[in-house]
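Report on one structure; see the data block that follows.
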Amino acid sequence: MAIFLLPILGSAIDKYNKNRIIRFSQFLSAISLFLFIITSRKIEIEYIHIIGLLIILKLSDQILSTSLNSSTINIVDKDDIQSFRAHLQIIQAVSMVLSPIIAVFIIDKFALIGILLMEMFMELLVLVIYWKVDFNKNTKKEVNESQSLLILFKDGIDFIFKYKKIVFGLAFVLVVNFILGIVNIGLPFVEIKILNLSSKNYALNDSILAIGLLIGSLISSKIKSQKTLNIARNSISLISLVTFVLGLLLTLELTKNSWSIILAGYFLIIGISITICNILLSSWSILNIPQEFQGRVFSILNTLTQVSLPLSMLLFGYLFEIISVYAVFVGAGIFLLLFTIGIPSLFKINLKNDKLE
């Protein structure tokens, strides 16, 4: 879905009224839930209906997230954008902790139709809130509205390849998300199959990851530097280093208590580092990419993220079947370190300043 939308979504966001696009995405979510509820009362719901609903909700979410990212510069003061992104991440981290608890309570107390009704009313409430916000405030209209969406998309691609830092940023996000498939696939495999840790340890590490997200958000909100790209790069270098070390440790015979401490530390570092990178990189993009191109750049960024994660899970799932676990972790750590350190040096990308070059 993300790939099919790529040529038109970002261009449409840059070309048309953002208020209308954001309201449309919220209305699309609400009306799809309403139609699903009505349909479920008339016919027997099948798997294909659920898939259709999920596709529409995902489409709506992608439109909304891309539109909101490209509208941030219109509604938040430039000096406050990094702090704003950090506070958004704090909210996401808190929801990551609370949402499973709330979900268990809701599923236990309400039928599916009741849950869908609550979701629909939440979407409508958000729509009312968004209706009161002017996402076009301070918009500088420099997009030629007579051009087609495909021509605008091509112009966006040409713009991206004019600047090595944007190309590196997109490749950086792609590689980082790809390598982090080792967290989604490798760590559960290691915890349960290799180390035979309990389900409590697994749940605890998820909570520690959320704590890492919170700490990373707080640290990011305090960073005042003209070298945010370099700090973001260093935070990912730290992930590559601890992944490499974890791979080496997997060759040792350690106690379960030792592994519990090691993995807790690993999850904490992952949470802190990836959050710092995400906040600094997104803030830099909002501040430095010209407003008339942000919809297209963020649309490509979202597509790369969505495509890379499932592919990385397939790759690492296959690798864990054919080679040793420690070799996968060591190899992933080395590759990520070589990319984050080597590529900027090879292509002479100056990450020690935040200028768009």
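Every residue, even glycine, has its Cβ placed from backbone N, Cα and C.
Here is what TrEMBL says about this protein:
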type     : residues : note
TRANSMEM : 21-41    : transmembrane segment
TRANSMEM : 47-65    : transmembrane segment
TRANSMEM : 86-107   : transmembrane segment
TRANSMEM : 113-131  : transmembrane segment
TRANSMEM : 166-190  : transmembrane segment
TRANSMEM : 202-219  : transmembrane segment
TRANSMEM : 231-252  : transmembrane segment
TRANSMEM : 258-287  : transmembrane segment
TRANSMEM : 299-320  : transmembrane segment
TRANSMEM : 326-347  : transmembrane segment
Using a threshold of three or more Cβ pairs below 8 Å, and leaving out pairs closer than 6 in sequence, do the transmembrane segment (113-131) and the transmembrane segment (21-41) count as in contact? yes
Note: vs the transmembrane segment (299-320), the recorded stretch with the largest number of Cβ pairs under 8 Å from 47-65, 113-131, 202-219 is 47-65
Within the same chain, where does the transmembrane segment (231-252) have neighbours whose Cβ lies under 8 angstroms from its own Cβ atoms, ignoring anything closer than 6 residues to its ends? I mean 6 or more beyond. 172, 176, 179-180, 182, 190, 194, 223, 225, 262, 265-266, 269-270, 272-274, 276-277, 280-281, 284, 325-337, 340-341, 344, 351
Between the transmembrane segment (113-131) and the transmembrane segment (166-190), are there three or more CB pairs that fall under 8 A, provided the residues in each pair are separated by 6 or more in sequence? no
Under 8 Å between C-beta atoms and at least six residues away from its ends: which parts of the chain pack against the transmembrane segment (326-347)? 164, 168, 171-172, 175-176, 179, 182, 186, 233, 236-237, 239-248, 250-251, 316, 319-320
Between the transmembrane segment (258-287) and the stretches 47-65, 86-107, 113-131, work out which stretch tops the count of Cβ pairs under 8 Å. 86-107
